[in-house]
Amino acid sequence: MRMRRSVLLALGLAGMMVSAACGGGGSGTSGGARDSGGTVTLDWEMWAGSEDEKAQLDHLAALVTRKHPTIKVNLRTAPFNDYFTKLQTEFAAGKQPCVVSMQSLRLGAYADLLEPLDGKTDTQGFAPAALETLKLGGKQLALPYDLASMLLYYNKDAFAEAGVAEPKNGWTVADFEQAAKKLSTGGKAGFGMSFADLHSLSLMLSYNGAQPVTPDVRLQFDSAPMVDALTWYAGLAASKAALVPASSSDVGWGETQFVNGNAMMAVDGSWNIGSAVKDATFAVGFAPLPAGSGGSKTYLAASGFGVAKGCPYPQEAAKAVSVLAGPDAQAYLAGQGRSFPSRTDQQATYEEFLVKQDPRNAEAVRGAIASLKEGLAGGVPLFTTKNWDSVGKLMAQYLIQVYTGDQSPKSALGTIQQQSARGQ
Amino acid sequence: MKPRTTEQWSALGFVTPSVLGLGLFTLFPVGAAVVMSFFAWPMLGTREFVGLENFRYLLGEDPDFLTALRNTFVFTGLYVPLNLLLALGLAFWINRSRWARLWRVLFFVPAITPMVANAVIWKLLFQAVGGEPNLLADGRTALLAVVAMSVWQGFGYNMIVFSAAVNEMSPSVLEAASLDGATGLRRLVSVQLPLISPALFFAATMTMINALQVFTQPYILTAGGPGNATETLVMNVYQAGFESRDLGLAAAGAWLLFAIILVVTAVQFLGQKRWVHYES
C-alpha cells in the first residue's frame, strides 16, 4: 500500500513538472517589457556568424538608445543557417521578438506575422527598389538595410586567353551563349548552372521576362514563358557549355565552381563581390546579366527589420526599426563592409570600403558596383509565396532532372507547380 | 525508520530522474504527436481538428509519401543485407588476422565519426569522380550511391558485435564439429552461424530499425533528388514539419513510420524462434 502511494507521489511530481514545462509559454505578451522608470526594452532577433558581426549589431542597438533614451534594444542572435528555424519556433511558441530581421525571399512565409509599417516610419532616403522588395501585397512589412542584385561574374583571365571579348553593358543572351561555348574547353565549362531561386530565375527573367510568381503572389511555374526560358537555360548544358550541379543538394553550385576556376562565368549576388575578388586566384570581372528580349533584368533581394504582430510596444518598435535602418546605422555598416546599403546616400561608403580592402582590384570593384546599380534599374522584386521553402526544394529536385536531360522542361515545371499549389 | 521503508525511498530516488526524463522527453512528446496527427496544426497560425484527414492526405494525395515509402524499403532491402554480409565476412576474416586489433579500430572509425562529415566527404568524392551526369544527379544511380555511402558508414558497428561473438564461440563445440568432419561452408552454416545467431539477430533488428529511419545521408548527399528518387520517409516528415510548417502532417507521417517499424520489428521477434539459438 505504502509503495503504491510513493509511486503516485512520483507520478504526481512528474505530472507537475510536465505541466510547468508546457505552461511557461502562455503568459500573454512577449518581445518587450517596460520597467518602472518607463524605459521600454525591446527584443531584436538577428542572424550573426561571428563575434565581430555581433559587435556591429550591438553598436546599432546602442544607436537606438542614443536617439531614444527611453528605448533599449536587447539583441539576440543565431547563425544564419539556424535563424529562420529559430524564428518560426519562437513565433509558434509565442516568444517572438518585437523587432524581427527579415529577408525579402522569406517575406511570403512571415507576411501575416509582421505589422505593416506604412505611415509609421519615415521612408525618405531609401532606394525605391529596396522599399519595393520588402513589400508584399502593397504593404511595407520591413525597412531595408541593404539591397542586392544578381550579376554575371566572369573570369577575366579565361576570356583573354580564349580571345573572347569581355561582357559589357548591352551584352546579349546570344553573346553570352557564344562566349560560354568558346570558353568550354579542356574539361572547364563556360558557365556554372544553378537551381537556386535568385541565381537561376534571374537569368530566365533576363532571357524573356519569365516570372514564376504573379504580381498578386500566385505561382505560375508552368506558364509558357517559364517553359521557354527553362528550355533555353537547360540547353546550355545540352550544348556542353555549362556545368550541371552534381546533386540536388549543391545549392551554391554555379558560384562555387566559378571561384574554384571550373566554370568561367556564373550568376551570383552582389553580396559576394568582395569575397569573390578576394578568394579567386584569377582576375574577376562583373557585368549586368546578359540582355534578352526586354533588356538586362535581374531579381532584387533585400534584408531589413520589421515589427512582429502582437508586440506590446509597436510604436517604440517602429521607432527602433527606423533607427536600425536609418542613415547613421547604414553609414556605420557600409564602413564595416557589411553590405550594399539600401539608402542611396550611403552607397558610396560601401564601394570605398571594398576598394580600400583590396586596392589592386579597385577597377573590378568599381565595375561591379556600376553593374549592380545598372541591375537596380532593370531590377524586379522576387515576391515569394508562403511555401517558398518547399518551392526551393522542388526546384532543386526537379530542375536538375531537366539539366541532365532526364525530364522535359514542361513536365518538370508542371510537377513543381502541381506539388507546390497546396499551401501557397 | 524501518529498513524496508528506507530502501523504498532510495529506490524511488534512483528511479525518479529516469522516470521524469522518460516522461518529459519521450512519453509526453509521443502522446502530443498522437494528438497533433489529428489536427491541421500549422507552425504559425491557428490549429483545427481534422480527424483522419492528415492520414488520408499522406496515403491518398501526397505526391511524395508513397514514393518515400518505396525508397525507404528499397534502401532498407539493399542496405541491411549488404551491411550484415560485409560485417560478418570481415569479422570472420579479422579474427584470423595477426592485426585483428588494428583492423577493428580502422573499420570502426567510420561508425564513430559524425555522419554529416562522412556524407559531405562522400559527396566531394562523388563530385571528383564526376561522370555525365553525376551518380548523385542520375535518378537510376542516386539511391545506390546513398546505399554505398551508408554501408561504408554503418558496417563497422555490426562488425564489432560479430567480432566479439565470433571470439566467444565455444571451442569445445567447434572441436566436436571438426572431429565429426564439418569443414568449410558446412561448418559455417551449421555450426558457426547458429553459435553467433543471438548477435546476428540483435544486429539485424537494430540495423533494420536504423535503416527505416534513414535521413542524414540522403539529406546531405542528394536532398531527396533528382526528382524524388532519394526521398525517404523521415525526409518526408522533416519536409512536412519544417519546410511546409505543417506539424499535424509531420506527426501523422511519423506515426505511420512508427507503425511500420513496430510491425517489422514484431515480425523479426516472432521469426527469431526459428533460427536464433540461445545457450541455456
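Cβ coordinates are placed from backbone N, Cα and C, and glycine is handled just like the others.
Among the features that TrEMBL reports, transmembrane segment is placed at B:12-41 (among others). Long-range contacts of the transmembrane segment (B:12-41) within the same chain, counting only residues at least 6 positions beyond its ends with a Cβ under 8 Å from a Cβ of the stretch, are 47-55, 246-248, 251-252, 254-255.
Taken from TrEMBL, the feature domain 'ABC transmembrane type-1' applies to B:69-268.
Summarising the annotation, TrEMBL assigns transmembrane segment to B:73-93 (among others).
TrEMBL lists B:105-122 (among others) with the feature transmembrane segment. Beyond its flanks by at least six residues, the transmembrane segment (B:105-122) meets 90, 94, 149, 152-157, 159-160, 216-217, 219-221 of its own chain at Cβ-Cβ distances under 8 Å.
The transmembrane segment annotation in TrEMBL covers B:142-167 (among others). Long-range neighbours of the transmembrane segment (B:142-167) within the same chain, counting only residues 6 or more positions beyond its ends whose Cβ lies under 8 Å from a Cβ of the stretch, are 71, 74-75, 78-79, 82-84, 86-88, 90-92, 94-95, 100, 104, 107-112, 115, 118-119, 122, 126, 135-136, 192, 195-196, 198-200, 202-203, 207, 210-211, 214, 217-218, 221-222, 225-226, 229-230.
The transmembrane segment annotation in TrEMBL covers B:188-209 (among others).
Marked as transmembrane segment by TrEMBL: B:247-270 (among others).
Beyond the ends of the transmembrane segment (B:73-93), by six or more residues, the same chain brings 103, 107, 143-144, 146-147, 150-151, 154-159, 161-163, 165-166, 192, 200, 203-204, 207-208, 211-212, 214, 232 to within a C-beta distance below 8 angstroms of the stretch.
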